[in-house]
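Colleague: What TrEMBL shows for this protein is this:
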type     : residues  : note
TRANSMEM : A:37-56   : transmembrane segment
TRANSMEM : A:68-86   : transmembrane segment
TRANSMEM : A:92-111  : transmembrane segment
TRANSMEM : A:156-175 : transmembrane segment
TRANSMEM : A:181-198 : transmembrane segment
TRANSMEM : A:203-221 : transmembrane segment
TRANSMEM : A:290-311 : transmembrane segment
TRANSMEM : A:323-350 : transmembrane segment
TRANSMEM : A:356-377 : transmembrane segment
C-alpha cells in the first residue's frame, strides 16, 4: 500500500531535534521575522500583477497606483503581523472569531445591501468592510486553536465541535448571500481539520453525504446562482447574457496562443469584450497578451509560493502553527485554482479574485495578513512552549 | 488503545500526520495544477485557431461605403440631376447631459410645437446603442441650421449631419424624361446585389434614373473597422474607396425641353423632338408634370393620392406610354409604304368624289371634305390630307403589307434604345385581331387603319421616331437619351435597329417631302396658317384623333366632359427639308379646332431649334393660338 510506504518512510526519518541554539547567529531575516524567499516571490507576483493590471485597466495608471498603494498597506500589515508571536494569535483566536461572528450577525440586521446581497458593514465615514472577509482567517484560526488543545488525530467529539465552529459563520455568510466566500471560509477551516488528521472513513462519509446533499443545495440556491451553474455547463445557451463572460474569457485565453498577442495588444481585453477584466477575469488578459508561456510562468510562481508555504508550515514546531500555516497556504492555492478554473471554463463562475493580481484591496489585505501569520509562525520557532 | 484527551499529546505523531497530509496536499496541488495546465494548453494550443477567429470576428466589422450617384447633364452640360446635401438633426444620447432639457431646448430653438418633444423622445430612443446618432428631424432649413450653430455650446450631443440627396432642379419639366430615385423597397432589395448596394438607400425608380441605374450607382467601397464590445468604431483597419457612379450626359436640350413644357401650357399632351441623323432625343415632354423631388425623400400619402387621383394623370408618361390614334399624321408613311410596295408611284392619281366605296359594298367611306378634292396625286393627298386617296391606297396594299411596312417605321414596337417603360403602342394585324377578339379582319377595317383610325395606336415617341426615320431618307438611327456615359460616348449604331426603308427611286423621298412641305407652305395645306413666315423649309403632317370613350371610373362635371370629348390634335414635322436637324411630334389632348394647335407648337419647336437668334417665346405662341381658335378649319 503506497499509503503505508509513505508513513513508514516518514517514520524512518524522524523530525530533526530542535536546534540547540548555541552556534548560529540569527540572520537579519530571522530578526525581522520574515522569510526572504516567500517575500521575494510575493513581490515578484505583485509586480507582475501590476504590469498585467495596467493593461487590464485600459492603461489607466491611476488604477495601477491605487493598487500599488493597497499592496503597500497590505505589505505593511503583513510585516507588522509577522512580528507577533504565534502564541498571540493562539490567544486571540477566540476573540477574533467571536467578534467576526458578531459582525456577521450585525450584517444580517443592519448590513448594507450591495449588488443584491448584504455583505458590507459600515460605520459611516469611518470604515466599510466585509466581515466575511475577516472570517476567512478567523475561522481556520479558531479551528486550529481548538485542535491545538486536542490530541490528534481528532476524535469524533472534537470533530463535531469543529463542525459547529465552521458551520455557524459559513451559514451566516451563505445566507447573505455570498456562496463563494462561504465556501472559501469553509474550505480554509476544513483544510485545518484535514491536516489535523481527520480519519479517511469520515472523509469518505462526508463526501458521500455531500454528494447526496447536492440536490438540497440546488433547491436552496438563488436563481442567479443556479444560472451560473447552468451557464457553466453550457455557456452557449445564453451567449449574450450570463454565458458572455465565459465565452469572452475563453476566447481571450484561446486567442492568445503560445506566446500571446503582446502586452497591451490583446483585442479582447483592450476592446472591452472581456468583462471584469481587471478584477476576477484578469488572468484572461494575461492569457491573451502573454499566451500559454505567460500563464505557465504565473502558475509556476504560484506553485513555488505554495511549495515554500507548505515547507514553512511543516517546519513549524507546534501543531497550531502547522495547521494554520498549512491552511493559509492551501487556501491560497484554492483561490488560484478556482479563479483560473473559472476563467478558463472548467469551473462555474464564482466571485473569486486571482490572489494578488486582481484589482481590489480587501482580498490583498486578507491574503497578506495570512502570509504575515505564516511568516510569524515560521520565524518564531522555539518560542512556543512545547 | 485510544488515549484520553487530557493525556499527553504526542508531538511526533502529530507532526507525522501533518507531513503525510501535507504530502497528500502537494499531490492534490500537482493534480489540480496539471488540470489547469491541460485546460490552458487545450485552449491556447489545440483550439487556438478557433479562438483566434472568434476574437477577430469580435473586433473587426466591415462597413460599406456607398458611392456617390452619378450626375445627369443635358447635351450642353446643364445639370439636370444633382446630389444636394441636406441637413439632418441627430442626437447622440450618450453625450447628452439631460435628455429632457436638450429636447425642450431644441423644440424652443426650432420653434416647433410642444407636441414635437414627445416625437423627439420617441425618435431619440430609436437607436439602442447610446453612441449611435438618432435622427430627430430631416431636411433642416437654413434658418434652423443657423440657430443650431449659434446655440451649439448649449447642445452637446446634438449634431447637424449632412446627407447627399438627389435633387432635380427642373423637376416638373424633367420628371417624366429623367424619372426619379426613391428609397429601395423590400421587393427591390430581393433582387439587388447586397454587396453593391450595402449602404445605398436610393435606387432609380423610373426613367433614365432607372435605365442607367447600374452606371449611375457606381461601386460600393468598404472599410474594415475595429470596434469595441459595444460596437463603437475605434479605428480603421483597411479601406476600399467607393467608385462613384458615372456622370450621364443626355441628348436632351434643357431649353428646348423647357419650351416644350411651356408650350403645352398645362394641357394634357406630349412633345417629342429627335435629331433625325443621330437619333438624339432633344426633348421628351409629357404634361402635366409633377415634382419628382417629392419622391426622393418619400412622398406623403395624401400628396401621392392627390397625384394618383388627379384626372389629368400627371404621373402618366404620355410621351412613351400614351396611346393615341395617329389620325392623318401617318399619311406620309402610308404613301411611302405604297411606293415601297409599288402600289403607287408619286404620279399616280385618283379621282376623289368625296368618298370611297369598297367593291360590292354600298357603304361610303367619306373624305373630310364632303364634295371631294377631285384629282389627287400623292403630294396633294398629303398636303390636303385627302382621305379617299388613302382608303384606296390602304385597300390596294391590304392589311398584311400595310402592317409590315408600318412595322418597319417602328409602329407597334418599342423603338428607343434607353427609354425606360416605353410602350409598344398597337399596330393592328390579322393575327392580332384573331388573338385579341377571335375575329377575322374585315376589309373596312383596313380603310380605317389607312387614315390612322381604328385599332391603330401610337405613342408620341413612336411618331417622332418614325418622322425622324422618314426625314433621314429611310435610314434608321435608334433614338436614344444618353449621349455619353461617363466619358464613353453611346455608339451611333446600336443593336436591334430597324432595317432601313428603301425606295425604288431615291427622288421619291423628295416627292414625299414636297407633299409634307405643302402642308405648311402650300395654298391648300392643312397647316398653312402655321407655315406663315417660315424661314426654312419645313415638312409636316397634321392629324386629328377622335376621342371615342372616356375612362370608366372617372367622374366629370358637364363642362369638363365637353372638353374631354373634343378631338386630340396631332402634328408631326421635320426641318429643314434639305438637311433635317429636328423631327418633332406633338400631341395635345382634346385641343379641338383641328390640328392647328399642335401645328403651331411644332413650328415653335423647330423655330427654337433652328433659329438660334429668334427663338420664339412660349407667350407669343399662345397669342397666335388664341387668334387661331377664332377661325377654325377642318384638317
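Cβ atoms are placed via backbone N, Cα and C, with glycine included.
Keep in mind that this is a model prediction, so the values were computed, not measured.
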Colleague: For the transmembrane segment (A:290-311) and the transmembrane segment (A:37-56), check the count of CB pairs under 8 Å (sequence separation 6 or more) and say whether it reaches 3 or more.
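Modeller: They are in contact.
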Colleague: Mind checking which residues reach the transmembrane segment (A:323-350)? Cβ under 8 Å, same chain, six or more beyond either end.
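Modeller: Contacts with the transmembrane segment (A:323-350): 89, 136-137, 140-141, 143-144, 147-148, 179-180, 183-184, 187-189, 191-192, 195-196, 228-229, 231-232, 235, 242, 245-246, 249-250, 253, 280-281, 283-284, 287, 299, 302, 305-306, 309-310, 312-314, 316, 358, 367, 370-371, 373-374, 377-378.
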Colleague: At a C-beta cut-off of under 8 Å, are there same-chain residues at least 6 beyond the transmembrane segment (A:68-86) that contact it? List them, or none.
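Modeller: For the transmembrane segment (A:68-86), the sequence-distant neighbours (Cβ-Cβ under 8 Å, at least 6 residues beyond its ends) are 32-34, 46, 50, 318, 320-321, 356, 360-361, 364-365, 367-369, 371-373, 375-377, 379-380, 383-384.
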Colleague: With contact taken as 3 or more Cβ pairs under 8 angstroms (pairs 6 or more apart in sequence), are the transmembrane segment (A:156-175) and the transmembrane segment (A:92-111) in contact?
Modeller: yes
Colleague: Please report, as numbers and ranges, the same-chain residues at least 6 past the borders of the transmembrane segment (A:356-377) whose CB is under 8 Å from any CB of it.
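Modeller: For the transmembrane segment (A:356-377), the nonlocal Cβ contacts are 33-35, 38-39, 42, 45-46, 48-49, 52-53, 56-57, 63, 67, 70-71, 73-75, 77-86, 89, 129-130, 133-134, 136-137, 141, 278-280, 282-283, 286, 298, 309, 312-313, 316, 321, 324-325, 328-329, 331-332, 335, 339.
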Colleague: Against which stretches of its own chain does the transmembrane segment (A:37-56) lie, if we need a Cβ under 8 Å and a gap of at least six residues from its ends?
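Modeller: Cβ under 8 Å, 6 or more out: 63-64, 67-68, 71, 263-264, 266, 269-270, 277-278, 282, 285-286, 289-290, 298, 301-302, 304-305, 308-309, 312, 356-359, 368, 371, 374-375.
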